[in-house]
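According to TrEMBL, the protein carries these features:
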type	residues	note
COMPBIAS	B:66-85	compositional bias 'Polar residues'
DOMAIN	B:45-138	domain 'Cytochrome c'
REGION	B:62-87	region 'Disordered'
SIGNAL	B:1-19	signal peptide
Amino acid sequence: MRRSVIALAVLMTWISPALAEDWVPPVTDPLVQKECGACHMAFQPAFLPARSWNRMMDELSDHFGEDASLPADKTQAIRAYLTANAGDVQMKGRAWKYMKWVSPGGTPQKITENPDFERKHRFADKVWKDPKVVTKSNCPACHRAADKGYYEDD
Amino acid sequence: MIRPILVAALFILPVAALAADSARDAILADYATQAKKADVSFTAFSSQRGEALFRTKWAGGDPRTPSCTACHTDNPRNSGQNAKTGRTIDPVAVSANPKRFTNRDDVEKQFGRDCKSVLGRECSALEKGDYITFMAGQ
């Protein structure tokens, strides 16, 4: 009995990441969807480690050249959501592979600079210059269900 | 069963539209008070001045966004596209999107960001009121 439970547990941990391989848990919090989805899609927190999100929430007044600052209570609530669902906390789904590339103390701010992203997105210049695309971070331009966490739709 | 739902729908739809209109009116009234405080000769907002604000190539802020039309397009009844991120933006004309300009915090937050990006400065209460007045007639 005990043996088969252990065997099952081992099997589960072995299968479940495989099952979730092509899926990245989407943002479900309405505040995060609204405030972090105003200028671009609300990126899934699993693509960056918690310390990256902490740094980003500290620096919202200069967010890639934008002033994305918010009242303190909202900043706090969003920070809590992003860090609780960060890639190094949840450790599952497709974005988990991204965590392998993040250096132990590093606080990367761009998902699109992760080597796993780069590996899958080696396209000709004209693809990136397409007026529908504009920039690498415009995931929904190519992945129609990006906001639902699906990136293998093409 | 269907009748009461229909009747309810007939009542609720206009009521929702009215609520949106009154929320927008309250925001405009606020801007009018501020505009009057800034300049006693202020009488009313102008849809024409609002349109000029919308179409002028200010080129005072981010080079990617010389004018409001860079993201909201020449026709405010159409969907726009964010020139920095590529994301689609719902129409800003009230006729195409009745929820527009009904949440004070959102309106203020967005004027703050967008005026800085296009004009390189804050918009005045007069400019904000003119802009909403233009969009409400679109």
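In case you wondered, yes, glycine gets a Cβ from its N, Cα and C as well.
Keep in mind that this is a model prediction, so the values were computed, not measured.
The domain 'Cytochrome c' (B:45-138) scores a mean pLDDT of 97 in the predicted structure. Counting same-chain residues at least six beyond the ends of the region 'Disordered' (B:62-87), those with a Cβ under 8 angstroms from any Cβ of the stretch are 53-56, 93, 95-96, 114, 117-118, 135, 138.
Across the compositional bias 'Polar residues' (B:66-85), DSSP assigns 4 helix, 2 strand, 14 coil. Secondary structure by DSSP for the domain 'Cytochrome c' (B:45-138): 40 helix, 4 strand, 50 coil.
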